[in-house]
Amino acid sequence: MSLTIPSPIAATTPSAASMTAGEPKTYQVRTFGCQMNVHDSERMAGLLEEAGYVPADGEVADVVVFNTCAVRENADNKLYGNLGQLRQVKEANPGMQIAVGGCLAQKDRETIVKKAPWVDAVFGTHNVGALPALLNRARHNNEAQLEILESLDVFPSTLPTKRDSVYAGWVSISVGCNNTCTFCIVPSLRGKEKDRRPGEILAEIQALVDDGAVEVTLLGQNVNSYGVEFGDRQAFSKLLRACGEIEGLERVRFTSPHPAAFTDDVIDAMAETHNAMPQLHMPLQSGSDKVLKDMRRSYRSSKFLGILDKVRDRIPHAAITTDIIVGFPGETEEDFQATLDVVEKSRFASAFTFQYSKRPGTPAADLPEQLPKAVVQERYERLTALQDRIAAEENAKQLGRKVEVLVTAQSGRKAGETHRLSGRSKDQRLVHFSVPAGAEAPRPGDFVTVTITEAAAFHLVADPAGADDYLLRRSRAGDAWDRSQADSCGVPAAGAASGKAGVSLGMPSLPTRRA
């Protein structure tokens, strides 16, 4: 589907200083939603840079691209709120262009241009590669361009990618999903599952490692169904084991699996592959078997708890995280109590908790017994209070433990106020740590081994008593970070873990306390 829609605002001529001939246009990509969207945004940035655009330094860019989410209602509100704010900016900057892509664009299509006629281009999840051409066409024709494909045009992995992190990277192993969860609109927007061949995936991982990356996260809507297209039920566990053979790749993670298809061979591969991290994100959604049936989740709470038992038997210190929806249509107090019971038994390190949001086009939107907002809010608060307590108790078990932390790039006021650096442990816990006086500071991508001295619900703190309690391991990734700073004319302080922050997970932020 390709439409050209007249847009009076798009018809302005490029006269801003930044659009002067010979001067490169600037861009900004704003991402809403999941990890898949974060990775897609890296591709959008890569496409724009290949077309000659450069990242914007300030707030105003020649091109602003929104990569949207359609999972919850507030995603719509967030997009249109941002578009409204940009209207006056665009009027004050002739030649500026705005593009909207992602899941909401795939779903709403013409609605976006009707609600925000100052948008220049709308594209979907299946034709990310069309972005530069749509912008050029909109500029040339002085009309908004809308192009939505109903199936995948080119597998996204073939597109250029601008990675926001030199030490860690996302690698898609599949796109789309064959499940039919009643609350989820993603399969209708991203299509049926399509799997990449193992050789292509491993080649991309090797290229990342060659560029300095030490950590990779394998991405898919349902990673453990990987291989369905070429008939290999153990393809994902084989892929994990193959990652263990890549020299220089120190950490491998994946997200997200589905409990219904999570098999013992994957657990064995996690336990037996040296660089597979002791961390698992396993979406629960509900602890009520009745609600799980209404959600069409294809497993029950006993199976879910059985998976956790098997994982912890093979990987005793594994940190397990989850997703939970509160207030699904028809959820009773008894159903909700079943969720609380499963959460108590599961001992999650953290949980992404969501209030059910009615999404037109999903089967759940037509279910009877949609719950009042006040009931959903009250249950949500009880669930988060329980999970916060459990997270604090689980983190308290880390006190006195030595952990290896992959240092991340620092940004924001808090990093300057506390004089601590931050990173992720092998089990993905957030660790804030200080560098002893006289010790060498790490770079993003380096590793430090420290002892946990404080614990809170959402982070750990390590304040070494002296240099003997702090071990720095400089890495290829740290070297790559130094090169990236030199290439971008950055001038970091010697040894300081500062600079541009890495890619956000694109997931709801957990509240944090000051370290």
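Numbering starts at 1 and runs along the chain as displayed.
Each Cβ is built from the backbone N, Cα and C atoms, and glycine gets one as well.
Taken from Swiss-Prot, the feature domain 'MTTase N-terminal' covers 25-140, and the record attributes it to sequence analysis. Broken down with DSSP, the domain 'MTTase N-terminal' (25-140) shows 61 helix, 23 strand, 32 coil.
For Cys34, Cys69, Cys103, the entry in Swiss-Prot reads [4Fe-4S] cluster 1 binding site.
Annotation source Swiss-Prot lists domain 'Radical SAM core' at 163-393. In this model, the domain 'Radical SAM core' (163-393) carries an average pLDDT of 95.
Reduced to three states, the DSSP call for Cys184 ([4Fe-4S] cluster 2 binding site) is coil. Residues or ranges marked as [4Fe-4S] cluster 2 binding site in Swiss-Prot (evidence: sequence analysis): Cys177, Cys181, Cys184.
Per Swiss-Prot, domain 'TRAM' is recorded for 396-466.
For 482-515, the entry in Swiss-Prot reads region 'Disordered'.
Annotated compositional bias 'Low complexity' per Swiss-Prot: 490-506, in sequence order.
For Cys181 ([4Fe-4S] cluster 2 binding site) paired with Cys103 ([4Fe-4S] cluster 1 binding site), the C-alpha to C-alpha distance reads 17 Å. Put simply, Cys34 ([4Fe-4S] cluster 1 binding site) is 14 Å from Cys177 ([4Fe-4S] cluster 2 binding site) when counted between their Cα atoms. Excluding the listed site residues Cys177, Cys181, Cys184, the same chain places Asn179, Thr180, Phe183, Ile185, Val186, Pro187, Gln221 with Cβ atoms within 8 Å of the centre of the [4Fe-4S] cluster 2 site Cβ atoms. Looking at Cys34 ([4Fe-4S] cluster 1 binding site) and Cys184 ([4Fe-4S] cluster 2 binding site), their Cα atoms lie 13 Å from each other. Long-range Cβ neighbours of Cys103 ([4Fe-4S] cluster 1 binding site) (same chain, at least 6 residues apart, Cβ-Cβ under 8 Å): Gly33, Asn37, Thr68, Cys69, Ala70, Val71, Thr125, Ile185, Val186, Leu189, Arg190.
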